[in-house]
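K.L.:
Got a structure for you, questions after.
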């Protein structure tokens, strides 16, 4: 979602053979619908340039002459060095303006808007641990698409919620209109995880006649429409996503500073208001208790962040375009948390079903839009598919090919 984890996926065994099988060189050029790929949380690179008045450790760089990769750079996640990274990647929330700011002397930018490189591999070294949308893009290329032309990427600053990314949506709309003109037809949006929430926000803010003209379809992969309980654990005690060299408490402050985390807390239109997500020796917390939850974890800014973002997407307002929802099932997915010591110790996790990150009932919110829009809404379960692995899954890629090129 957006995944709230480091993106880690590997090429499937026999993946190259599968790509060759999908290749369709006979498909007439120019008749493919253009494609825009939208990543999830932590799903594209970020770059930073420094001119800081001070640093948190003597090993940290105070000034850089050029932009460098802030995410994902595996070298920056090493012990001690990670303190430098946390200090640079965090956001500072302003209670007066209800916006976030970069730390003093840190400038962060999103590289590669319109290209796919920053989301194919999150680590510019192209290490397998940072592979994200590479297999999907390679599949598109094998079907006749060309990077940076009729398949483009729309990366964004995933630390922020849509209300702080206004210029991004203007650039996205302009790019879609340009691709329509260049390639003679409407665009197919393909989003993953939190990128689906971004696209829902975008589409809810476009006139219907614009959507009818410029958007052919919206393919939503692992969509967290109703929010995910995992965010409560991230906010309370941090989440190292099973990376042993990183302590959860070490990165908790940085994870809390990302407003997009509070945006993805569970919503009442999907989850029962009585469902207990967090149990502690002193209190239990449902989605009606967020204000108290933030107070008890010592993060009062979180309540303001939630109030700022809770109404950004309207659950009862469908996207207004042809929609394909693909979601993982059968993978143990965090649903509630028991703390013996709250909030500074890891909890016992209780699991439901989903894709390991997005719970099934959150993804299935797609179903409620049937009958609320004239455009068709299709749902496709992906049994046993994990949140990231689904992006390279043969079923997913075959489904996408049918959407783009037909039977």
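Cβ from N, Cα, C; glycine included.
These numbers come from a predicted model, not from an experiment.
Got these off Swiss-Prot a minute ago, pasting:
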ACT_SITE  193  active site, acyl-ester intermediate
ACT_SITE  355  active site, charge relay system
ACT_SITE  387  active site, charge relay system
BINDING   41, 194  substrate binding site
BINDING   193, 387  Zn(2+) binding site
DISULFID  60-84  disulfide bond
CARBOHYD  94  N-linked glycosylation site
CARBOHYD  284  N-linked glycosylation site
CARBOHYD  393  N-linked glycosylation site
K.L.:
Please work out the number of neighbouring Cβ atoms within 10 Å of the Cβ of residue 393 (N-linked glycosylation site), leaving out its own Cβ.
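P.N.:
Step by step: centre on the Cβ of residue 393 (N-linked glycosylation site), count other Cβ atoms within 10 Å, giving 21.
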K.L.:
Mind giving me a neighbour count for residue 60 (disulfide bond)? Other Cβ atoms within 10 Å of its Cβ, every protein chain shown.
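P.N.:
The answer is 17 other Cβ atoms.
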K.L.:
From the recorded positions 60, 84, 94, 393, pick the residue whose C-alpha lies nearest to the C-alpha of residue 193 (active site, acyl-ester intermediate).
P.N.:
393
K.L.:
For residue 60 (disulfide bond) and residue 94 (N-linked glycosylation site), determine the Cα separation and express it in whole Å.
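P.N.:
Their Cα atoms are separated by 26 Å.
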K.L.:
Got a sec? Which of these recorded positions, 41, 355, has the most Cβ atoms within 10 Å?
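P.N.:
That would be 355, with the most Cβ atoms nearby.
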K.L.:
Among the recorded positions 41, 194, 355, 387, report those whose Cα falls within 10 Å of that of residue 94 (N-linked glycosylation site); none is a fine answer.
P.N.:
none
K.L.:
Within 10 Å of residue 355 (active site, charge relay system) (Cα-Cα), which of the recorded positions 41, 84, 194, 387?
P.N.:
387
K.L.:
Counting other Cβ atoms within 10 Å, pick out the least crowded of the recorded positions 84, 194.
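P.N.:
Comparing Cβ neighbours within 10 Å for the recorded positions 84, 194, 84 has the fewest.
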K.L.:
May I ask for the distance between residue 393 (N-linked glycosylation site) and residue 41 (substrate binding site), taken between their Cα atoms and rounded to an integer number of Å?
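P.N.:
Computed Cα spacing between residue 393 (N-linked glycosylation site) and residue 41 (substrate binding site) is 20 Å.
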K.L.:
Hey, does DSSP put residue 194 (substrate binding site) in a helix, a strand, or just coil?
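P.N.:
Reduced to three states, the DSSP call for residue 194 (substrate binding site) is helix.
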